[in-house]
């Protein structure tokens, strides 16, 4: 199966190729950025498909904890060392961390050069590689330093997932479930009826294509996250705080989003937007892939105060992304603090169910 989707916004128009990685031809210098693990698995395969006058490789450490300014400076140092100019190209070969960093580095190098995404994790393929959001972390939180910089193209090769560990695969499934809960009830039902598996490339590729199509439609309508695109942050408002509190060492991003979705669902239930049956159905689907659905909150008020650093918050009003049934979502900045604290307090117990 091979499919090409398109992102078309006011500032960009680029293809998303879903299928076996084609040959990539470029007339100028190329800097490919990856990490040791991904490079060991896929670098040779990818380099054989790049046709360019000069191709250089930059290897950065693996892990969310390295998505910082130090790594960006190293990528830029590689670019300067190899004399990349404004017509040069960067390629991100890896998961969401690599994609975020290369997107950011290419966006600020000489005021911006082209880059291409070749995502190698399910999470990056269905979400992080599409849409042009880039960023790095700092001590205050996740992705607080960044910019919108759309790639020149995205190449999604589902066969690269054959080497993906089970836990990484599950983290990506969380983002697929997110898309279904927010925008497509029929897709959610399909995910309930069938099992996503690396061993079933046909259904997996269809699920990837469906998720990317949803993301593309949202980005085309709202490139800079001024409206509906904020709905894609379902699970992330809570999840980013969990990642920060655990210093990006306890949960994969998709796992933190899974917990965040459950917290958002609990808040939706409290506000009467979601039934208990719907909440339980979402949790059950997440748990099918061994995704966490609970996080022990030691201090609900301390957790609440961290919402003030969320990028969606404006004028000290916290924007929550809350499901209204399955297939619909609401952006709310009027949720009473007491209701949020009640939900957070419920996660201070042994079970969030």
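Just so you know, glycine gets a Cβ as well, placed from its N, Cα and C.
Positions annotated as NAD(+) binding site by Swiss-Prot: 62-67, 96-100, 120-121, 133, 142. Counting every protein chain shown, 24 other Cβ atoms lie within 10 Å of the Cβ of residue 142 (NAD(+) binding site).
Taken from Swiss-Prot, the feature Zn(2+) binding site covers 175, 236, 253. In the three-state DSSP scheme, residue 175 (Zn(2+) binding site) is classed as helix.
Checking each of the binding-site residues 175, 236, 253 against residue 96 (NAD(+) binding site) by C-alpha distance, the shortest gap belongs to 253. Here the Cα atom of residue 236 (Zn(2+) binding site) is found 15 Å from that of residue 64 (NAD(+) binding site).
It is 14 Å from the Cα atom of residue 62 (NAD(+) binding site) to that of residue 253 (Zn(2+) binding site).
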